[in-house]
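Student: Pasting the relevant annotations from TrEMBL:
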type     : residues : note
DOMAIN   : 19-265   : domain 'NADP-dependent oxidoreductase'
ACT_SITE : Tyr52    : active site, proton donor
SITE     : Lys77    : site 'Lowers pKa of active site Tyr'
BINDING  : His110   : substrate binding site
Amino acid sequence: MILMTETYTLSDGLVVPKVGFGTYKLNGAQGVNAITSALDVGYRLLDTAVNYENEGTVGQAIARSSVPREKILVSSKLPGRRQHYDDAIATIEESLYRSGLDYFDLYLIHWPNPKTDLYVEAWQALIAAQKFGLIRSIGVSNFLPAHLERLEKETGVMPVINQVELHPYFNQADQRKFDTEHHILTQAWSPLGRSTSNNVLKHPEIVALAEKYHRSAGQIILRWQTQLGVLPIPKSTHVARQRQNLNIFDFELSTEDMATINAISKPDGRIRDQDPAYYEEF
Ligand SMILES: NC(=O)C1=CN([C@@H]2O[C@H](COP(=O)(O)OP(=O)(O)OC[C@H]3O[C@@H](n4cnc5c(N)ncnc54)[C@H](OP(=O)(O)O)[C@@H]3O)[C@@H](O)[C@H]2O)C=CC1
Ligand SMILES: O=C(O)C(=O)[C@@H](O)[C@H](O)C(=O)CO
């Protein structure tokens, strides 16, 4: 049975599912199998990046899937080392060749890299690539309010999406508020905390809520994110987990339980030392 998701409408009119599928570390034949399985389960938004070295894997899964291309949204990301205008345009074209696609539904600047200070130039390239028809919607990832304000001031164009680290240990309340006020949809990367040693799926409050709602810990977290108005992109290689991560639209967390999860967040809750104010990724 194919699972259906609810949708968000972005400020430019693009309709996106409320849950997408992350593909970091899904490479080669195993990656194709995992992504094909995700499409079979019902995922319709695939998140990739040049830096994941798997745009070919994603394209191959789409080619093998029985789901028509136009029913799938594919989102990729421009790496830090390609933020000069001409490099960015060439990279977007190469991303398309690698994936075997004619267009991307979404393309994001992966990190602002403020020390390199080329993100406005990269944004101008994304605006042009959208005009050329290579990309339907343009967005960013890991952008702080100051970076977003600068994009608007210098180009007049705000991103429609901002993909940031967001899980119960780091719930991004201020960034979400800013994004909402500027009609930007917040996407959650590592929505399940990447199952690190400090595993948020085992947090006692999350485990208690899973018992209360007769759901898995992952489903509680993903449901919390969608009730916050956020779009999580969980990754899983296992079909049963892929299915449960999408199957969150038939229950609702109470206001009190939402508040309980919101209270887990802490200022130093990032998985790694990746504050976009100074982190640079190439
Ligand atoms: N823009 C950016 O800078 C970044 C973007 N991303 C994007 O976000 C996506 C998701 O983040 P990611 O870092 O992969 O981490 P996630 O938070 O999605 O966690 C993935 C891990 O959780 C496990 N898992 C998945 N579902 C469940 C479940 N229901 N119960 C228990 N364990 C589960 C997976 O194991 P298994 O596979 O064995 O099921 C895997 O080990 C990435 O794949 C990528 O597309 C990620 C990081 C940064
Ligand atoms: O996975 C991504 O999209 C990244 O931007 C990486 O920085 C990731 O967060 C990572 O941890 C790489 O080791």
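Note: Cβ is positioned from N, Cα and C throughout, glycine not excepted.
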Student: Would you count the other C-beta atoms found within 10 angstroms of the C-beta of His110 (substrate binding site) for me?
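Tutor: Excluding its own Cβ, His110 (substrate binding site) sees 23 Cβ atoms within 10 Å.
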Student: Express the distance between the Cα positions of His110 (substrate binding site) and Lys77 (site 'Lowers pKa of active site Tyr') as a whole number of Å.
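Tutor: If we compare the Cα positions of His110 (substrate binding site) and Lys77 (site 'Lowers pKa of active site Tyr'), the gap is 5 Å.
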Student: Across the domain 'NADP-dependent oxidoreductase' (19-265), what does the pLDDT come to on average, as a whole number?
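Tutor: Across the domain 'NADP-dependent oxidoreductase' (19-265), the average pLDDT comes out at 97.
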Student: With every protein chain in view, how many other Cβ atoms are within 10 Å of the Cβ of Lys77 (site 'Lowers pKa of active site Tyr')?
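Tutor: Cβ-Cβ neighbours of Lys77 (site 'Lowers pKa of active site Tyr') within 10 Å number 26.
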